[in-house]
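Features of the protein shown, as given by TrEMBL:
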- 320-350: region 'Disordered' (REGION)
- 6-29: transmembrane segment (TRANSMEM)
- 54-76: transmembrane segment (TRANSMEM)
- 82-101: transmembrane segment (TRANSMEM)
- 108-127: transmembrane segment (TRANSMEM)
- 147-168: transmembrane segment (TRANSMEM)
- 175-199: transmembrane segment (TRANSMEM)
- 214-232: transmembrane segment (TRANSMEM)
- 244-264: transmembrane segment (TRANSMEM)
- 276-296: transmembrane segment (TRANSMEM)
Amino acid sequence: GPLAMGTGFGAGLGLALASSAFIGCSFVLKKKGLLRLCGRSRAGQGGHAYLREWLWWAGLLCMGVGEAANFAAYAFAPATLVTPLGALSVLVSAVLSSIFLNEQLNVHGKIGCILSVLGSSVMVIHAPQEEEVSSLESMAEKLKDPGFIVFAVCVLVSSLLLIFVAGPRYGQSNVLVYVLVCSAIGSLSVSCVKGLGIALKELFSGKPVLKEPLAWVLLVCLVICISTQINYLNKALDIFNTSVVTPIYYVLFTTAVMMCSAILFKEWQHMVLDNIIGSISGFLTIVSGIFLLHAFRDMPFTPTLVPLFLQPGRADSHLPWSSADRHQSCQHQPLLPSEDKGSQSAEEEE
């Protein structure tokens, strides 16, 4: 009934949010642990001193708890809700880094954080509510659906083409090649997780799940999918900057998961139009927030970037139509004054 549906949805939502908080914290704890080792052998140079640092282990534990909560969330709530909320872990780690690691969060970053929170709230309000699959039998029925089979074949064929044809040619120069592989395969891994979550739920309620071949097939598929994902994500991160890969990966992965769950679980069929528009708007808002948070992360926001009429001390002396001013419009000034650049590079060298 509607009551059971509401509790499941609430549990899934709570687990998804907890997962983001733990994963966000884990990044900061690990980094803090690695920074404390600065004097000793660094992980980047092949040292393993971080294994003796309790903060690093705390970070690893946090990561494990977060991933487990995320896994469990898929058993209770629709994938269309759980996956986009993963973006909040980026936000948690950005905010905590600015507090504990003294990493500056500039204006763009703060606006990005606000946008991500707003987008997530909109998505939660409009997410599809019904529990689409409750047992392994119904999951097996869904997997036999011709629409899903076509989708899965398309994903596998395009992934193979990307890996063996596009990878060697464009993998080093185009960020999309490896990230698309991760995202496409990732959409399948989420359906495996969803199926395994249901299997575990049935196992705890005392059904003979271990005799079901489907549960084992899903487990094997999940292991293959996740190892492929990690492999190609690491390749992408190795070649390109994290601040480029992360937002693109988030957008493509979430889009692929939403498509996959729309086809497999028909999550969108029972949704009214305003909820569909709401879900998509919320998702796009999170995307904009994540983009702002990442793309301008290392860009200093100096007072000279503020429009002239907002700059302190300029307001009174500033006559808008004076000819001198027209020649010195801010379009012709460099983004960073040259003396700032000098002092900046000096700071970086220290």
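Note: Cβ is positioned from N, Cα and C throughout, glycine not excepted.
Where the annotation comes from TrEMBL, it is an automatic prediction and has not been curated.
When each of 6-29, 108-127, 147-168 is checked for Cβ pairs under 8 Å to the transmembrane segment (276-296), 108-127 comes out on top. Panel annotation: around the transmembrane segment (82-101), residues 12-13, 16-17, 19-21, 23-25, 27-28, 31-32, 35, 66, 70, 73-74, 109, 112-113, 116-117, 119-120, 123-124, 190, 246, 250, 253-254, 257-258, 282-283, 286, 289-290, 293-294 of the same chain, lying at least six beyond its termini, place a Cβ under 8 Å from a Cβ of the stretch. Sequence-distant contacts of the transmembrane segment (244-264) (same chain, six or more residues past either end, CB-CB distance under 8 Å): 78-80, 83-84, 86-87, 90, 142-143, 145, 147-148, 151, 155, 175-176, 179-180, 182-184, 186-188, 190-191, 194, 233, 236-237, 283, 287, 290-291, 293-295.
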